[in-house]
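Peer 1: Sharing a structure here in structure tokens format.
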Amino acid sequence: MSIFRFSQREIIDLTISVLAIAFIFSYPNFSILVFIISLIAVGSGFIFHELMHRTVARKYGAWSEFRAWYEGLILGFILKLVFGATFIAPGAVYIYKDYLTPEENGKIALAGPLTNVALAFVFFILMLIFKPGSLLYWIGIFGFHINLFLAGFNMLPIPPFDGEKVLKWNPFIWAIVGLPLIGYMLYMMFW
């Protein structure tokens with residue numbers, strides 16, 4: 001299955017999920033500008049994270065496709081609107097193959113958080129290039145922090161997160177990738 005082939009349902013699910021996530025991250029200070037910053041910074045992190053899982057799974061001969069979890073999106077809206085809490089559980093890439101080795105499963109899982117790290121680097125470059133206070137500078141700051149946060153969150157070593165699959169496959173790789181990212185995530189949460 002080609003990595004560039006998307007079903008109509010997958011396109012709809014990805015679109016609805018990314019718009020919902022952008023809204024959740026832009027509320028309560030919602031404006032078109034804040035929404036656009038959120039869409040670029042958070043939306044790109046979410047989309048590329050999920051599509052990298054999908055791409056690596058297809059490399060291993062598995063059928064894979066993103067499916068939205070509409071209940072999770074609704075819960076995210078309710079928690080944000082009622083309590084001001086940010087919760088995102090937009091869906092996941094569903095993977096089907098008769099058998100995936102622990103190594104294949106671990107590499108599929110690791111692909112998402114590593115993509116967020118790569119995106120964080122790109123956003124960091126934006127922060128360095130553009131003048132503080134400019135739109136691209138703010139996109140850079142938000143994109144840098146949120147992508148490292150997403151990578152750390154996904155590397156938690158508990159099901160259903162990516163970190164659990166990586167740890168089962170290779171504890172050393174989980175430690176050198178996951179621990180710094182989880183540390184950064186915790187720093188962001190409590191600093």
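Note: Cβ is positioned from N, Cα and C throughout, glycine not excepted.
Quick paste from Swiss-Prot:
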| type | residues | note |
| --- | --- | --- |
| ACT_SITE | E50 | active site |
| BINDING | H49, H53 | Zn(2+) binding site |
| TRANSMEM | 20-40 | transmembrane segment |
| TRANSMEM | 73-93 | transmembrane segment |
| TRANSMEM | 110-130 | transmembrane segment |
| TRANSMEM | 133-153 | transmembrane segment |
| TRANSMEM | 171-191 | transmembrane segment |
Peer 1: Please figure out which one of 20-40, 73-93, 171-191 racks up the most CB pairs under 8 Å against the transmembrane segment (110-130).
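Peer 2: Of the candidates 20-40, 73-93, 171-191, 171-191 scores highest.
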Peer 1: Taking the transmembrane segment (73-93) as the reference, which of 20-40, 133-153, 171-191 gives the largest number of Cβ pairs under 8 angstroms?
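Peer 2: So the stretch in question is 20-40.
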Peer 1: Mind checking which residues reach the transmembrane segment (20-40)? Cβ under 8 Å, same chain, six or more beyond either end.
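Peer 2: Residues packing against the transmembrane segment (20-40) from afar: 46, 73, 76-77, 80-81, 84, 86-88, 90, 135, 138-139, 142-143, 146.
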Peer 1: Give me the count of other Cβ atoms within 10 A of the Cβ belonging to H53 (Zn(2+) binding site).
Peer 2: 25
Peer 1: Including all protein chains displayed, how many Cβ atoms other than that of H49 (Zn(2+) binding site) lie within 10 Å of its Cβ?
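Peer 2: A 10 Å sphere around the Cβ of H49 (Zn(2+) binding site) contains 23 other Cβ atoms.
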Peer 1: Near the residue listed as 'active site', how many other Cβ atoms are within 10 Å of its Cβ?
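Peer 2: Taking every protein chain into account, the count is 24.
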